[in-house]
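Annotation comment: TrEMBL describes 18-243 as domain 'FAD-binding PCMH-type'. Among the features that TrEMBL reports, active site is placed at ARG186, GLU369. What TrEMBL lists as active site, proton donor is SER270.
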Amino acid sequence: MAQIVPPPDFAKLCTLRLGGSMKRFYKTTDCGDLTTAVAAADRSHVELLMLGGGSNLVPPDAMFEGLVVQDARTNVSVVNDPMDWPSDVDLPKDFPNPAGFPPGTVLLRADAGVIWDRLVEYTVAQGLSGIEMLSGIPGTVGAAPVQNIGAYGGEIAGALLGVVAWDRQLNRVCYLSRATLGLGYRDSILKRSRASWGATGRWIVLEVDLILRRSDLSVPVAYGQLAGHLGVETGARVPLSQLRAAVLDLRRSKGMILDSADHDTWSVGSFFVNPVVALAAPVLARLTPEAPRWPVAGAGAVKLSAAWLIGNSGIEKGFALPGSRAAVSSKHVLALTNLGGATAAQIRELGNYVITQVNEHFGLTLVPEPVML
């Protein structure tokens, strides 16, 4: 069922707690209503924004003249026998044969409107392993494959089977397998299609399919800081609830868990992606030996720490431009926060300042992670 309600301000729906008004807002719990609204907007050449949790968005200060659609569907289904996987959508040729899944495999389908961390909490409570290291990441399920969300040594790519999506170009529902999605570091074909389609790309995720394992133990701990917090070696497996609690502790210590009473958490999380550079890139010669870097398998490249680059370009935690209510988080330099009363323009100005400082020190241009309207 659709809800026609007075358009709210972005500030009420975005984790930055800022932004102007919307001209048109449509919230629905019906998939057919959603695709009908999207198709109508496209026919009328109305700019479209699919809004999930508002955790990866820097909205405009002025009124958004397009249509904002929010998917409020929250169904989650678990299939214990992969051979019973639903076939309501034509599956691609590269879809794996469920008969080949190992014993203990469980398939889970979640609507795009489900809050991501509630899904993780649910899987942990049900003894389903595979996404527990992604605890605490804000936003909705539908946004997860777009960004190929990841943290603490894991990505959704590791558990993703595919997505049911609305194809705005062909005006039909389709299935995109993990291989078709072209997942990379904070990247996918869904995200790349924004280059020609705008803030919302060609495909709108309707449902996400995950492959999980029935187990009380986590996947092997792959991130050193997380292993240290747990007091185990990397590669160890720990109870699901223990790993989830540790991840939430670490995220909270960095201001990465939204708290309405703590302005340090009024952010989009990590504002910049960690840059991936070629092994021959000049920037590597300008880094000190202790600068974090991680090899990118098969790419002849390394991933650098955006936080290290920012912190070593003269920008400290808590930094703010004169007269601005936007500031670098006092807990983590990778987050830009709203101290209360900040504008989107001030967030952008601070982001551009950080980019300039890093470029002047290291000759490298950081790329913002959130969508900027």
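The backbone N, Cα and C atoms fix where each Cβ goes, and this holds for glycine too.
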**Prompt:** Between ARG186 (active site) and the residue listed as 'active site, proton donor', what is the CA-CA distance rounded to a whole number of Å?
**Reply:** 11
**Item:** Confidence summary (mean pLDDT) of the domain 'FAD-binding PCMH-type' (18-243)
**Value:** 93
**Item:** Spatial neighbours, same chain, of SER270 (active site, proton donor) - Cβ under 8 Å, 6+ residues apart
**Value:** ALA306, LEU334, ALA335, GLU369
